[in-house]
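Engineer: Here it is, the structure in full.
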Amino acid sequence: MKSAEIREAFLRFFEEQGHTRVASSSLIPGNDPTLLFTNAGMNQFKDCFLGQEKRAYTRAVSSQKCVRAGGKHNDLENVGYTARHHTFFEMLGNFSFGDYFKRDAITYAWNFLTSEKWLNLPKEKLWVTVYASDDEAYDIWTKEVGVPAERMVRIGDNKGAPYASDNFWTMGDTGPCGPCTEIFYDHGADIWGGPPGSPEEDGDRYIEIWNNVFMQFNRTADGVLHPLPAPSVDTGMGLERISAVLQHVHSNYEIDLFQSLLAASAKAIGCTNDAQASLKVVADHIRSCGFLIADGVLPSNEGRGYVLRRIIRRACRHGNKLGAKGSFFYLIVAALVAEMGEAFPELKSQQAHIERVLKAEEEQFAKTLEQGLKILEQDLAELKGDVVPGDVVFKLYDTYGFPMDLTADIARERSLTIDEAGFEREMEAQRVRARSASSFGLDYNSLVKVDVDTEFTGYHATSGSAKVVALYKDGQSVDVLSEGQEGVVVLNQTPFYAESGGQVGDCGYLQAGNSRFDVRDTTKTGGAFLHHGVLASGSLIVGAPVETHVEADVRHATSLNHSATHLLHAALRKVLGDHVQQKGSLVDSQRLRFDFSHFEAIKPEQIKALEDIVNAEIRKNSAVETEETDIETAKQKGAMALFGEKYGDNVRVLSMGGDFSVELCGGIHANRTGDIGLLKIISEGGVASGVRRIEAVTGAAALAYLNAAEEQLKEAASLVKGSRDNLIDKLSAVLERNRALEKQLEQLQAKAAAAAGDDLSASAVDVKGVKVLAVRLDGQDGKALLALVDQLKNKLGRAVILLGSVHEEKVVLVAGVTKDLTGQLKAGDLMKQAAAAVGGKGGGRPDMAQGGGVDAGALDGALALTVPFVEQGL
C-alpha cells in the first residue's frame, strides 16, 4: 500500500466505527502557548480532554501534520542520519472524549492492523507492551484479543520516579494522566535488536508503530491518582513508520512518499540519487518548510520564524555540500505538492508563495554561506582538540547567519563537537548589551490588581452614568484622588473603549458634581477597564456616582480608521495572496498602521490596486454588520481570527461588503463603509524579516493629505515656471538642461585636471628610484581624482600617487601605483592605511584604489603616510 492509501484507509476505518473525521489543525498551536509547534494528534483536542471544550462529537479521527524542531521536542540534529527521525511527520490518531475506553480502543487497533480488509499484518509479528500494573489492558490483550503471553511485555516505572514510565503518559506534574499500551512490529531475526524492555530494545528489529493512551486518572499536587469521571482515549500511529512496515523497508526514507522527494531533490541539486545523508536532509526539510510556510510562518530571527530559518539554511548547506549551484531548494516544492497536495490542499493553494519565500531565503543565505564556510574551515584547521569554541560558533551565527545547529552539523561530520555552553554565554552577553541599550517604562497595568468586571456600554453610546468601584495612584489602591493628582479610575460600567486589537483606548472625562477627571487613555486588565488620567478639579472618592463622557469626535475618527484596516486586510489578501496575515496594528484618530506577513516590498502598481479595491468598497456604502455567535460557527462563516488572541465561547463577528471582509473583532467601527470617505496609503516598508507595514489615512485626514500634495505640486510648478498641467514636461526640460551642464562641467574639470597634472608632476619626490606624489586638491570629486591619477601615472612613469580632497564635507582619496611596482607595492594597501587615518574605509586593485572618510582635519596626516609606505615596501 502507498502512504496515501494507508492514510485514507485509517480515516475510513474509524469513520466506519462512528468517528468524525477531523481535519489536521495548523502547525501553529491555537490553544496552547507552551507549544512551539503542533507535535501530536491530541494537541488540537487538548481542551476536550481537559473538559474545557464540548464538541458535537465524542469520537474523532485525524491525520495530523506535526513538526519536531526546536524547543523540547527537537529531532533536527538527527534528521538524515537515522532511519526514523524527521522534522515533519504525520500522526494518525483516533480519540474518545468520555466515550469508549480500553476494550474498544484495543480491539479497534488490532482489527485495523490485522484484518484482511485493512492492513493485514501477520499477527505473529506484533508485540504489545502495557503498564506494569494495568491488569485490565493486559487481560484484554491476552484473554479477548488472543495475544500470547510471550509477546506481551509489562513495563514499570523505568525513569526514576513513580509513574515515570514509557508506558505511563502524563500531561504535566498534575492533571490528566494514565497508562498506555504500545504495539510493536518485529522485523525479524536478521535485524539486530531485542524486544521492548530488554537491554537491546534500541535496536531496529522491534519498532513501535502505535501507542494507545488511556487517560483515566487526575494526578493532584500530592502525587495521588484520582479516577476521572469520564476516561478518554488518545492514540497515535506515525504514517511514515507504518508505511515502512507495509512496504517491507527498514528506513522511512525508503517509503514511496520519500522516494519521490529524494528523486526531486537530486534533480534540483544536480547530483545522483544515492541515499546520501545530505540528500535525506533536503528531502525531509522540504516537508517541514513547505507546511510551515503554508501555515503562515515566515523566516525570521525569533520564535517559530527562526526555527524555519534554521531548517531552510540546514537544507541549503547540505545541498551546497552535494554540489548545488545557486538556489535549488524552492524547486522541490512542486514534487511536495504532487505527493501531498491532495491530502493537504493548503500546499496547492500556497505553492507559489512557498516557492517565493524559499527562493528569497536561499538567495539571502547564499550571500554569506560561502564566506562563512571558509571562515569555519580556517578555524577548524587551527583547532586544537575536538571541541569548536563557543566564540567561533557565535561569530558564525552573528556575522554569517549560521544557526548553532548548522555549525554543529558540520562539526559532527569531522567527529567534532561544539561548546554549546560557551555559545550560550556569548548569546547572553549580546542580550545584556541589547538590554543596556534599551529603556523601559513602568507597566502600570501590571501594578493595578483589581477583581472587578466592568460592563462595557460603548458600542452604541459615548456617555452614561456609572459608579467608581476603585481608585489607584502610583499603582496603589487609594480611597480618594485629589485635585492635580494623576491616577486610575475603575467603574462598574463604562462607554470608554479599552485599548485592544490595535485600537487605542478612548479619551474624554468623568464628571462627579464639581469634580472632573480627565481621561487620557483607557486600558484593560482582566475584566476591569482602567481610566488613566488626572483629576482636573475637586476630589473623587470610591463609591462616587459619575457621568461618563467619551470624546465623540476622536472616537468617530478612530472607528473609521479601524474599519478601514479590515478593508485593507481583505484587499491585501486579494492582491498579494492568502498567506497575508495580520501581525499587528495601531489605529487612532489620525491614521492607521497595519503590519502583515509578506516577504518582499510591495510594488507601486500593487499599492494602487490596494487603494482601488478599498475605495471601491467604501463607495459601495455597504452596512458594517456585527453578530454575536460561537467560535465554531464564526469559523464556518470564514471569519478571520487574529493569531495569538484568546477568544471566548462567544465571539463578535464583523462583516463589511457581504463576505468581502469577515473578521472576529471587538472594536468600535463605522456604521457604513461610506462613512470612511476615502483611504490613501502614505507609506509602505519592512519592519522585520517577513513583516511589512502600511500606514494610511482616511476621511478628513486623507483629504488634508491630498490637499497638501496638491500645494506641493503647485509650488514645484511655480519653481520651474510652469503649471500643474505641464509640470512633467517642465521638470524633464530642467533635468535635461542640468545633465548638459554637468557634462560641460566634467569636460572643464578634465581640462583643469590635465593642466594641474602638468604642474603636479613637478612636485613628485624621488624615493629609492620611485616618483612619489601625495597632494591635497580640495573641491575635486572622486571621478576627477581618478582621471588625474591615471594622467600622472603616465607622466611620471615608475610612480606611487595618493591624491586627497575634501568634497561636500567628506574626505575623498584615490591611490595609484604603476604596474611595474605592483609586485612590491599595492594601491589597495596604501588606501587602507590612508582611509583609516581619516576615519573611513577603502580598497581596490593593486594598481588603483579608492576610499574616503569623515575626518577632514586628518587628511594632511593621511597623505604624509605615502613616503613611509614606499620606503618600507621597497
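Yeah, the Cβs are placed from backbone N, Cα and C, and that goes for glycine too.
As annotated in Swiss-Prot:
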type: BINDING; residues: HIS562, HIS566, CYS665, HIS669; note: Zn(2+) binding site
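Each of these features: where is it, how hidden is it, and who are its neighbours?
Structural biologist: Secondary structure from DSSP puts HIS566 (Zn(2+) binding site) in a helix. A C-beta separation below 8 Å, combined with a sequence spacing of at least six in one chain, links HIS566 (Zn(2+) binding site) to LEU654, MET656, SER661, GLU663, CYS665, HIS669.
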Engineer: Setting HIS562, HIS566, CYS665, HIS669 aside, what same-chain residues sit with their Cβ within 8 Å of the center of the Cβ atoms that define the Zn(2+) site, listed in sequence order?
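Structural biologist: Going along the sequence, the neighbours come out as GLN503, SER559, SER563, THR565, VAL624, LEU654, GLU663, GLY667, ILE668.
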Engineer: Near HIS562 (Zn(2+) binding site), which residues of its own chain have a C-beta under 8 A away, given they sit six or more steps off in sequence?
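Structural biologist: Within the chain, HIS562 (Zn(2+) binding site) has Cβ neighbours under 8 Å at GLY502, GLN503, VAL587, LEU592, GLY667, ILE668, HIS669, ALA670.
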